[in-house]
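Notes for the one structure printed next.
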Amino acid sequence: MSILPVANSPAPTPNGTPAGGTPEKPVRPKKKGRSFAQIHAKPLPVDIHPLPAFHPTNPISLLRIAYTWISHILYQPTSHPGEPYIGYFSPETRSVHVTDPKHVRALWEMGFFGKGTLSRSEPSWLEREKARIMTEMRGHGGRKAAEDATNARREERRLFKLERARAERERTERQRLVERGELQPDESGGVEDIVVEPESKAEGEDSFVSDEQEVIESQPLLEANHVEPKRVDEVLEIEDFPEPQVDNQEHLQLTLEEAFFLSYGLGVLTILPPRATDSPPMSPKSLPKDYSNNDVLQLFCQHSSFPPSPTPSIAPDDQFLLNYVVYHHFRSLGWVVRPGMKFGCDYILYNRGPVFSHAEFAVMIVPAYSHRYWNSPGGRGQRRVAEQKDWWWLHCVNRVQSQVKKTLVLCYVEVPSPFEVNLEQGIGQTLACYRKQFPNFYG
């Protein structure tokens, strides 16, 4: 049996320095923050208390199930937070504002609700402002936030397109002079070839990418390339700079559908009348009287159009009702529903959230007046939303979605007659009158 020779390595000294070598720099253990799967572990801002799993081969699992079931009966756990989230209705923006930083983080991390008023999607203005101040204090380039990196990438792409257009004009002008005989081909220096970067080949697709996806969805790509930017607290610990004190001027802005889903569907949001912008957040004991679910529904229906309706009456084909029944439907199926105005549609659907993957579907809501009341002479005059869509409209919308690699979903909502919509019978019975059909969606 032959023995392979083993290379002799210099014996290390007691301080860890190899004999005859240069002293090695001590490696600082790298901090690693929580992953997106841990941050967004809960799909909704509620707690779930399931029963233990039953294993047929393990009879003891029956005792665990019985113990958990009896304990839940005696001491029923709650799925709602200790104190409800507080939101203020804003008639100017037709949205609900959440100003408490803890409530803002909770609603974003558990379901991706809302949008930062000073950010494109995730409320990250405070972190970006602290990073900017720390960069100025250090005097050299430091960590860039996701939106700063996006702006730098867009500026680089814009300069590249300007340079490409300038080179194209010069080449065209040289070619024109050569054809006229005013310039010899050898004097023109040859016709330069314009090298196009790979990402600029699909300018149509890039031009339709949303700000939300370009900022948020670029973060998992950094993890995939094993490029982990330094966190703010890590930079402060290494360089011993005091953390800058910055007042958080950003709050969370919820759409009317998101606010009503959190208030009526989950019961975790309390919607209050609008308050002065310069007043500080109030304690739960000093809060004014909140809206009831019926009041919120009438208020949102009144402000679903611009200008707002002078009367709080609810029409069967009100735009808020049509949007909410679709929003509630997809949320109940587990989809993360985000506004789709950037793509020319009503909603876009994420499987888990914007930080995990791109949106797969784009939803367009089409009212269907199939009830016989709407075909009567009096019903035709009361229609508020256009039902018929021409082929030009469909091709335009479908072309936009194909450019951004999304599947267009047409959601037909059957509008009930005015005699079926009555809040006295309850909001649940009213929403149940709206039937939904998806001819090209099976999710």
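Backbone N, Cα and C define each Cβ position, glycine as well.
Remember, TrEMBL labels are computer predictions, not curated facts.
For Tyr350, His358, Lys406, the entry in TrEMBL reads active site. Annotation comment: TrEMBL describes 7-23 as compositional bias 'Low complexity'. Taken from TrEMBL, the feature domain 'tRNA intron endonuclease catalytic' covers 320-414. Per TrEMBL, region 'Disordered' is recorded for 1-35.
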His358 (active site) and Lys406 (active site), distance between Cα atoms, whole Å: 9
Least surrounded among the active-site residues, given as Tyr350, His358, when other CB atoms within 10 Å are counted: His358
Between His358 (active site) and Tyr350 (active site), the C-alpha gap once rounded to whole angstrom: 7
Coarse DSSP state, helix versus strand versus coil, of Tyr350 (active site): strand
Assigned element (helix, strand, coil) containing Lys406 (active site), judged by DSSP: coil
Secondary structure content of the domain 'tRNA intron endonuclease catalytic' (320-414), with strand meaning DSSP E or B: 38 helix, 24 strand, 33 coil
